[in-house]
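Chemist: Per TrEMBL, the feature active site, proton acceptor maps to ASP127. Residues or ranges marked as ATP binding site by TrEMBL: GLY11, ARG72, CYS73, GLY102, ASP103, GLY104, SER105. According to TrEMBL, the ADP binding site annotation covers ARG21, ALA22, VAL23, VAL24, ARG25, ARG154, GLY185, ALA186, GLU187, ARG211, LYS213, LYS214, HIS215. What TrEMBL records for ASP103 is Mg(2+) binding site. Residues or ranges marked as substrate binding site by TrEMBL: THR125, ILE126, ASP127, ARG162, MET169, GLY170, ARG171, GLU222, ARG243, HIS249, ILE250, GLN251, ARG252.
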Amino acid sequence: MKKIGVLTSGGDAPGMNAAVRAVVRKAIFHGMEVAGIYHGYQGLINGNIENLDVGDVGDIIQRGGTMLHSARCLEFKTEEGQRKAISQLKEHGIEGLVVIGGDGSYRGALALSKLGFPSVGVPGTIDNDIPGTDYTIGFDTALNTIIESIDKIRDTATSHERSFIIEVMGRDAGDLALWAGLAGGAETILIPEVPSDIDGLVRRLEQGYERGKKHSIIIVAEGVMSAGELATLLKEKADIETRVSVLGHIQRGGSPTGRDRVLASQLGAKAVEVLMEDRGGVAIGIRNHQVVDYELSEAFNKAHKAELSMYTLSQELSI
Ligand code: ADP
């Protein structure tokens, strides 16, 4: 291939910039041209495309967000929209595409590959919910942002002897809640992968209060219910008072951690290698510390699995 394109799509994640940088520089290093496609699939359909040089991706490795911007695009879900996108790519002389994004963005990349345009998916989402890769770009940074917040909330929970419910992102996956809960020493973690036992939670809280424990940190994944709903349940069931904290979009921002920068650099570069071999319909990931590539369709026909031994451990450690 002489020229490839790169776009970021769906929810943004810290480390997307580092991935864009890796794609651009790896391709140029190997003598290819690179086009940046702005505003995701919508920008692709609209022809919002510009060539990127080595210097255009300078000074971005440390920045959160994505310099290419991200967008959601309904038109791209139709075959007509996808064909428009392919004509834009061809008009710009682009022969392969790197899509950095989550599950929805992967479906788009698969659709393009099925229509004959080689596309490769790089996992960029804080949710860590893409089957086939142990980690996604942005997960580690979001995890650390959540841990910092838990630590701060714990200070005030201790001072005021209050119990807090902290709601964290993750869509249908519990990884962020599970990892952050374990790392933040939460007493209780509710994740979608384990059926919620509210009566059990009430019992644990009451037992804690009986032995003089005055505060507690409960982490709830957004995929289970909102923190507000859980607070209402606890109040109604057992007259337990809690304070609610919804971390929201702060989880999606911030400078990427070292781990996310390294992962983004490795996975972005691997995507270019795959395109150099004229392969498409491929996802990039990391398994057991090894960079791997696999069929994009595999990312959809397997369910994401949370590490349930961590859930058991968190319960054992929060007695
Ligand atoms: P994420 O990639 O973070 O999961 P979305 O689910 O919003 O975010 O997907 C991002 C974009 O990917 C959508 O706005 C749409 O343009 C495209 N997309 C999502 N699902 C499909 C699909 N089934 N077929 C083609 N394109 C899709």
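Every residue, even glycine, has its Cβ placed from backbone N, Cα and C.
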Chemist: For the ATP site given as GLY11, ARG72, CYS73, GLY102, ASP103, GLY104, SER105, which other residues of the same chain have their Cβ within 8 Å of the site's Cβ centre?
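Modeler: The answer, listed by sequence position, is SER9, GLY10, GLY40, GLY101, GLY108.
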Chemist: Between the recorded positions VAL23, THR125, ASP127, ARG171, which lies closest to GLY11 (ATP binding site), Cα to Cα?
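Modeler: Looking at Cα distances from GLY11 (ATP binding site), the smallest one goes to THR125.
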Chemist: Please state whether DSSP places GLU187 (ADP binding site) in a helix, a strand or coil.
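Modeler: DSSP assigns GLU187 (ADP binding site) to coil.
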Chemist: Near GLY102 (ATP binding site), which of the recorded positions VAL23, THR125, ASP127, MET169, GLY185, ILE250 can be found within 10 Å, Cα to Cα?
Modeler: THR125, ASP127
Chemist: Listed binding-site residues are VAL23, GLY102, GLY104, ARG171, LYS213, ARG252; which sit with C-beta under 6 angstroms of ligand 1?
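Modeler: Listed by sequence, the hits are GLY102, GLY104.
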Chemist: Counting all other Cβ atoms within 10 Å across every protein chain shown, which of the binding-site residues ARG21, ARG25, ARG171, LYS213, HIS215 scores highest?
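Modeler: Ranked by Cβ atoms within 10 Å, first place goes to ARG21.
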Chemist: If you measure every Cα to Cα distance among GLY11, ARG72, CYS73, GLY102, ASP103, GLY104, SER105, the residues said to bind ATP, what is the biggest one in Å?
Modeler: 14
Chemist: What's the CA to CA span in angstrom from ASP127 (active site, proton acceptor) over to ARG72 (ATP binding site)?
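Modeler: Rounded to a whole number, the Cα-Cα distance is 17 Å.
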Chemist: Return one of helix, strand or coil for ASP103 (ATP binding site), based on DSSP.
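Modeler: DSSP assigns ASP103 (ATP binding site) to helix.
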Chemist: Where the distance is taken from Cα to Cα, which of the binding-site residues VAL23, CYS73, ASP103, LYS213 turns out closest to MET169 (substrate binding site)?
Modeler: ASP103
Chemist: DSSP on ILE250 (substrate binding site), three-state: which is it?
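Modeler: Note: ILE250 (substrate binding site) is helical by DSSP.
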Chemist: Could you tell me the maximum Cα-Cα distance in Å between the residues recorded as binding substrate, namely THR125, ILE126, ASP127, ARG162, MET169, GLY170, ARG171, GLU222, ARG243, HIS249, ILE250, GLN251, ARG252, rounded to a whole number?
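Modeler: Largest Cα to Cα distance for the substrate-binding set is 33 Å.
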Chemist: Which chain-mates of ARG72 (ATP binding site) that are at least 6 residues away have a CB under 8 A from its CB, listed by sequence?
Modeler: SER9, GLY10, GLY40, GLN42, GLY104
Chemist: Compared by Cα position, which of the binding-site residues CYS73, ASP103, SER105, ARG243, ILE250 is the closest one to VAL23 (ADP binding site)?
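Modeler: Result: the closest of the binding-site residues to VAL23 (ADP binding site) is SER105.
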Chemist: List the residues of the same chain that sit at least 6 positions away from ASP103 (ATP binding site) in sequence and have their Cβ under 8 Å from its Cβ, in sequence order, or write 'none'.
Modeler: GLY10, THR125, ASP129, ILE130, ALA299, PHE300
